[in-house]
Amino acid sequence: MSVLLGKGKPMANGNGTNGHEGSARRPRIGLALGGGVARGWAHIGVLRALKRYGIEADIVCGASVGALVGGIHLAGKLDALEEWVRDLTRLKIVGYLDLRLRQGGGLISGDRLLAELRLHLGDQRIEELPCPYAAITTDLVTGHEVWLQRGELVDAMRASFSLPGVFPPVLIDGRWLIDGALVNPVPVSACRALGAQMVIAVNLAGDILGKARKPGASVPTAAGFDLLRLVEGEAPEHRPPSGIGALTRRIFRRDYEGPSLFGVMVSSLGIVTDRITRSRLAGDPPDVHIVPRLGHIGLTEFDRAEDCIREGEASVERVLPELHDALAVFATGPRETMREPVRG
């Protein structure tokens, strides 16, 4: 199989840094990384597989967890992210659940997660990334779609994955911003606007029928009871303040007949973003559509990174013919033989 390879010459990316323009042998490639909460770890596998085949994005746009993984990738910290997510356990996840039930805006402050990100990324700015990048967010007041292309990378990513009700909004340039997946879950349009000639989209919400691969998955859950047990039992240092234990149980406990409040919130957001994704992609379809089969993985199963990463890699393998065809269509020069994947 043949695929077009080769780097273009550096060019200004509009953010004050250098990107790569399409050459006579390859188009300028945009990568749209969609939202999907815990399923977003599949983006790591997608990026690994694309790299093995010599396909590198010249523009990266992400919504929610897609903005997180895409930004960390461009900052050169993908290895550190993969090591961190593979090491996640439910107990460690609880360690990041800094509950703020006495304050408004969100159940979880996100401060511990933010500290972890700053530990690895420091004050890295978007303008310093090697190619154009946009974190998709939503203006809480107007409902407008906001693309963050400048400023601190950590702040932009934090705003993009601020799930309403879960994390508080982030104030940037006088605007309260929340999760970008509410308006543009798979930002193909952003990639095109930033100059992509060919767009590869990674849609984490497309495997609807995959829920059948997990018994009982038709009932939305968020590992609620297990989180409650850990909060109240095995991790006393992370217990909520006294006097709000009953509210904590109300939020996280999954009753016999139905899901927890937290499960309802997260699953409802998943339903909304899935419908928006279908509508947006129908109006502006990508040139290559990658759909990891993740329907059997819960939206809050952050401890299943290995499964997600493996499926991300497999999803790229499944679309190799489409990748080849798309690159051939956009080419203006001679083809090259596809590089064999680097193993090991």
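Yeah, the Cβs are placed from backbone N, Cα and C, and that goes for glycine too.
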Motif 'GXSXG' range according to TrEMBL, out of 62-66, 107-111, 302-306, 307-311
62-66
How many Å separate the Cα atoms of Ser64 (active site, nucleophile) and Asp179 (active site, proton acceptor)?
6
DSSP-assigned states of the motif 'GXSXG' (62-66) in counts, ordered helix, strand, coil:
2 helix, 2 strand, 1 coil
How many neighbouring Cβ atoms, not counting its own, are there within 10 Å of the Cβ of Ser64 (active site, nucleophile)?
30
What same-chain residues, at least 6 away in sequence, bring their CB to under 8 Å of the CB of Asp179 (active site, proton acceptor)?
Gly35, Ala63, Ser64, Thr137, Thr138, Ser160, Phe161, Ser162, Leu163, Pro164, Leu269
When DSSP is mapped onto helix/strand/coil, what comes out for Asp179 (active site, proton acceptor)?
strand
